[in-house]
Structures are given as structure tokens and as C-alpha cells.
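**Student:** The region 'Disordered' annotation in Swiss-Prot covers 11-49. For Gly12, Ile13, Asp14, Gly15, Ser16, Gly17, Lys18, Ser19, the entry in Swiss-Prot reads ATP binding site, with the evidence type sequence analysis. If you look up Swiss-Prot, you'll see 24-38 marked as compositional bias 'Basic and acidic residues'.
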Amino acid sequence: MTQPGRLISFEGIDGSGKSTQARRLAEHLRDTGRDPLLTREPGGSPGAEDIRRLLVEGDPDRWSPETELLLFTAARRDHLERLIQPALAEGRDVITDRFADSTRVYQGATRGDLRALVDQLHSLMIGREPDLTFVIDMPPELALTRGLARASGEDRFEEFGLPFQTALRAGFLDLARANPDRCVVIDGNRPEAEVAADVIAHLTVAA
């Protein structure tokens, strides 16, 4: 019987470097002979990528917090069904750039105090947590500058400004403190290679 893979998520505010660290961890696992699946949220599966464009592009006030929450949950459900669960069942590790914790922080803590509804929808439609979560922490002033400098067109959340990013950082740190069994806070305000080495060291300890 195939041993299920691990679901490993990377979380943090926009511009924190979590996407880079997710990619570097996937490369490390490939170098050690594993076959990880690197994915992202919102998105990952074709249907979820369609929803992603609705969420990350356009005017900051395009959606109400409630509508935004439903869109994120729909994207995550499709991602889980079509990509994450099949890969885990094959014994592959899945590394995802964001998962449910982002919804808890973005929609639950900063976009209308919807945390109870976030948790209810997660229980009904998703029903699982990552095995390990890396929260890449960075001063919001620096992260916001980096995020806007990308000019990717996917900057709807960055456009909410510094107070929003500051609230997000506090939300992620609170969430990590509340879930010490699976969450590891990593100082992202260092050279990329140092951050990656720290991630790998914690992964080895948790294995």
C-alpha cells in the first residue's frame, strides 16, 4: 500500500517570498529523489485558475468579503478534488503556495470578521489541514514594496495598502501561535538561500 504524501503549505503576506521558498523546497525534494507537486492558491487546477483571475485582478472593492470567501472556497474545493488529493494518494508530497490559512486570515480576520463562517465552510467543503505550514514572516513595509514592484497585474490585495498588510501579518502570526503543532514561523527578511536552508532544516525535523 502506498504511503500517502504530505501536504506542505507556505503562508505569509504578499511579497514575503513564500512563493520563492515553495519553489526552492520543491527543487530540494526533487534533488533528493522525490516527486513533489508544486501548486498554488487560488488556482492550481484549471477551474481554480479561472476563479483566481476573478479574485486577484481588478478593483480592490470588486467583491464583498462574503462573495470573496465563497469564490476562494470554490477554487480550493476544485483544487483539492482534481489535484491535491490524487497526488497525495499516489504518495507524492504536495507543496502549495497558500491554502486554507490564507482564507482564515484574509477573509476571516481582516475582511469583515467572517472567521466563524470561514471555519464552517472549511469543515463542510475542504475538511483537511496541511501536515506542515511554513509562515514566511517579513516586515509589511518591505513586503508591500516588493509585491507592488512585481507589476504582475495580480496586485488587487496589495492595493489595499500598508494597514491591510500589517493586519495580515498579525493574523498570520496569531494563527501560527494557535497551531504550533503544524506551523513554523520563518524569518523571511534574510538572503533567499538562508531562508531556504531554514525551511529544509525544519522539514527534516518534522519528517
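Just so it is clear, glycine is given a Cβ too, placed from its N, Cα and C backbone atoms.
Show me how these features fit into the structure around them.
**Tutor:** Across the region 'Disordered' (11-49), the DSSP tally of helix, strand and coil residues reads 18 helix, 5 strand, 16 coil.
In sequence order, Lys18, Val135, Ile136, Asp137, Met138, Ala143, Phe172, Gly188 are the residues near Gly12 (ATP binding site), counting only same-chain partners six or more apart with C-beta under 8 A.
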**Student:** In sequence order, which same-chain residues at least six apart have a C-beta under 8 angstroms from Ser16 (ATP binding site)?
**Tutor:** Ile136, Asp137, Met138, Ala143, Gly188
